[in-house]
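Peer 1: First the structure, then my questions, so here it is.
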Ligand code: DX5
Ligand code: ZN
């Protein structure tokens, strides 16, 4: 089985000790920092914005995978670049001019991702797929960490991987929400190659070991 990219979500870290969280991730086998931005409009929760991302960036030695759960994400592309984003992912459901937004992200020197909610069909990505570096499939309803994984995600991953084989073989398929050591191997077998994990990593007794276990299952 191929080794997945592991992107622990800072959302589940202790916000009073983000420097500690960054140092732990630097020393771990994590590949990326997953950074969840929520605006209280697109999702029913507010997390944090650019100043917090900049503060974490000072201590981080790995790429920032920034997941925007906000309306009108096109308004903030440059701000997130300046805050330290390396990969910028917007939601299909929040972006009526998705093609333009994706090009803008790339023009700013970032990798471009599109995320879809659990009810959104992967078929809606067909025409934008060749332009994308990454698709983030939500395996819970976005807004909160610690929710239960939705099993239909496996079908979505298989369908999307088949589409990507045809249209964009280098596509990264990232799964976000309720990922743990039980579903991770099946997700990778279904065609996912990046896994986000929040609670499973940060609420474990030994986050570094938990990351290593997810990576080397
Ligand atoms: C949810 C966020 C996720 C969240 C995952 O809206 O997009 O990245 O942090 O947390 P867990 O792994 O706890 O489901
Ligand atoms: Zn996320």
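Any Cβ shown, glycine's included, is placed from N, Cα and C.
Here the structure is a predicted model, which means the values were calculated and not measured.
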Peer 1: Just to be sure I read the record right: 34, 36, 67 are listed as binding divalent metal cation in TrEMBL. Which of 131, 133, 165, 176 is listed for the same site?
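Peer 2: Given 34, 36, 67 bind divalent metal cation in TrEMBL, the matching entry from 131, 133, 165, 176 is 176.
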Peer 1: Mind running the binding-site residues 143, 145, 178 against ligand 2 and keeping the ones whose CB falls under 6 Å of it?
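Peer 2: Near the molecule: none at all.
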Peer 1: Which residue among the binding-site residues 9, 199 has the fewest other Cβ atoms within 10 Å of its Cβ, if you could check?
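Peer 2: Among the binding-site residues 9, 199, the sparsest Cβ neighbourhood within 10 Å belongs to 199.
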Peer 1: What's the CA to CA span in angstrom from residue 36 (active site, proton acceptor) over to residue 9 (substrate binding site)?
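Peer 2: Pair distance, Cα basis, whole Å: 7 Å.
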Peer 1: With DSSP assignments reduced to helix, strand and coil, which class does residue 199 (substrate binding site) get?
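Peer 2: In three-state terms, residue 199 (substrate binding site) counts as helix.
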Peer 1: Same-chain residues six or more away whose CB lies under 8 A from the CB of residue 178 (substrate binding site)?
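Peer 2: Residues satisfying the criterion: 139, 140, 147, 148, 149, 150.
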Peer 1: Far apart in sequence but close in space: which same-chain residues, 6 or more away, have a Cβ under 8 Å from residue 143 (substrate binding site)?
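Peer 2: Correct list: 38, 43, 44, 45, 69.
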